[in-house]
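Asker: The transmembrane segment annotation in TrEMBL covers 40-61, 96-115, 121-142, 225-245, 278-299, 314-335, 347-366, 372-400, 421-443, 455-479.
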Amino acid sequence: MTNTSQTDAADSPSHLSDKVPVPQKIGYGLGSFLDMWGQWLYNSLAFQVFNIFLHINPGLVSTVLMINRLWDAVTDPVCGWLSDNTRTRFGRRRPYILVAGVLAGVCLPLLFAVGRDWSSHHYFVYMILSSAVYICITSAFMMPYTSLGMEMTPNYNERTVLMGVRNAIQKAPELAMFFAGQFTTLAIWDGANFDNLSDRLYQLVTTSEAWQHGKGENILLGAQVYTIMLGSIMVISAISMFFLLRERYYKKVVERKQQKVKILETIYQALSCKPFRYLLVMVLAYGIGTSMVGALGYYNTVYYVCAGDLGLGAAWNFKMGIAGMVFGFAGIPFYTMISKWLGKKGAMGLVLFMAILAFIGDWFFYNPNYPWMQLLATGCVAFTGAGFWTLYSSILPDVIDYDELETGKRREGAFSACQSWIMKVGIAIGAGASGWILAATGFDSDLGGDQPPEAIFWIRFLLSTVPVLFLSAALFCLYKFPLSREKMASIRVDLENMRGEV
């Protein structure tokens, strides 16, 4: 069979069973609410609450974030292995999605359940312990959830469509993350406390004045209220996912044919997969490069563009979130279309090249004379980021198909855990360095808007240059990645000859 006919056989529209039903696509997309808020909201608010408001050393905050990601690297493989080896009447993924998803929503507000008069030591210990417990919960959700996404269709292009729908839905929780900073600095929280909280909440839903940006007098209380709101949405999303999603491979392959696997053996085998290693190094470079300067964007907005005005900076941050959502929405169909034309590898190369240009542009887009240009900074990064995660999530199932052909086993949980582990190690390194990088610039939160000029320069310079170096490394790894569209068509034919269609 020629490569052309293999491609037709694997991706022909006549394979109607390859299509993921719309309710399942939406159900899978709902998982992005738990992904974004359960894993990344804390990172988004930690500096604002604990550094800017409670005046903890930014290095300590970044150390907590680094420890979190390293602890992730322990819990993810365990949860992935447990999910791979679970056998229930509801499957091996959905029970975890329901139970852990509900717990993640209920426990989200506990991450900020601190007082205003604690010592830095007490804050530091609480941050470590509370987030360590919460990470166990999010891992128990994320590993089965990510694994399920790899099982929903065997079709090369339909995988990209599925991840495109998921990432389109993800723009809503991303917008909520951008709004977090503005919500916690709303005028309604100025002078607010637990004694008058009920009155303030009533004003929040009845008066427009409550939504004006304030002085940031009680950022902590704003964060506590906000996480209660988002946690409630997470609970509803987890329950909806349980009823909407189905496990395609479970009855036909896993339950009937696949024996349980050992945790160390399966992780070793996953890491021995050559295409997987290239993919891991690529996402590691991307994760380090973007997370290492992730916090600098917020500080650049507040202290360079807005001269230290927290309320104005938070308002611009929310507008940048809207711009990111719009550009991100545009990026998903754009790169999905490009992937059908160039294949996933070619489309990913374009993503990384355009991301390099976007970060170089940050030097020019953050401009106090033209603050609206910040919208382009966030928009361009979001445009490429949407393409990266859509294509990366679509490429990973291709690697698992390659591995199944080599080993005869489907081990989505092991691959999910390994890729999550490597990705989070990269983010841990970046997050751990970010606070110390910020401190090294000479930034001092006690100075407010009177930051030394050299601190502002280094914030701007590092924001534009560090990602470029790591994205260039990611581009090189992509060049070495061996799985093309034609190769995947051949693999699918071989798999279906070996174990039948699913």
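Just so you know, glycine gets a Cβ as well, placed from its N, Cα and C.
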Asker: Which listed range (96-115, 121-142, 372-400) shows the maximal number of Cβ pairs under 8 Å with respect to the transmembrane segment (225-245)?
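Answerer: Per the Cβ count, the answer is 96-115.
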Asker: Are there residues at least 6 beyond the ends of the transmembrane segment (455-479) whose Cβ is under 8 Å from a Cβ of it, and what are they?
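Answerer: Non-local partners: 278-279, 281-283, 285-286, 288-290, 292-293, 296-297, 299-300, 303-304, 345, 348-349, 352-353, 355-356, 359-363, 366, 437-438, 440-444.
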Asker: Per the 3+ Cβ pairs under 8 Å rule, pairs at least 6 apart in sequence, do the transmembrane segment (372-400) and the transmembrane segment (278-299) touch?
Answerer: yes
Asker: Looking only at residues six or more beyond either end of the transmembrane segment (421-443), which have a C-beta under 8 A from one in the stretch?
Answerer: 43, 47, 51, 57-63, 65-70, 72-73, 76-77, 280, 283-296, 299, 303, 451-452, 454-455, 458-459, 462
Asker: Report, as numbers and ranges, which residues of the same chain sit near the transmembrane segment (40-61): CB under 8 Å and 6 or more residues beyond its ends.
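Answerer: Residues packing against the transmembrane segment (40-61) from afar: 68, 108, 111-112, 114, 116, 118, 120, 123-124, 127, 131, 134, 177, 180-181, 184, 216, 219-220, 223, 227, 230, 294-295, 298, 310, 431, 435-436, 438-439, 443, 445-446.
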